[in-house]
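Visitor: Dumping the structure here so I can ask a few things about it.
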């Protein structure tokens, strides 16, 4: 299942995310697929939620059960603002998922030219 924080992060409900964090929600608890709230927000492109979770100490290196980091998820979904932010925070573009795919592979496969260009810089 998903924690309330994971659900709110995935849907971009920033006010709910803020409230849950204020009340002590744990940003490290994954869903059944191993995705943290940061993975969920990154995959869905909710930049404000991603920023907040990073401010609260979310770890950009934690992969889900398939080995997807937040950067891989954001790259695959074409969320360039999230990709930029994660790169600024030190996300590693060379980390592969369980199938050996890097964020560049994912962005290329999904046809996100702007993300591909950014990852090649």
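Just so it is clear, glycine is given a Cβ too, placed from its N, Cα and C backbone atoms.
Computed from a predicted structure; not experimentally measured.
TrEMBL lists 1-32, 33-65, 66-98, 99-121 with the feature repeat 'ANK'.
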Visitor: Take the repeat 'ANK' (99-121) and average the pLDDT across it for me.
Guide: 98
Visitor: Please list the DSSP helix, strand and coil residue counts for the repeat 'ANK' (33-65).
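Guide: Summed by class, the stretch gives 17 helix, 0 strand, 16 coil.
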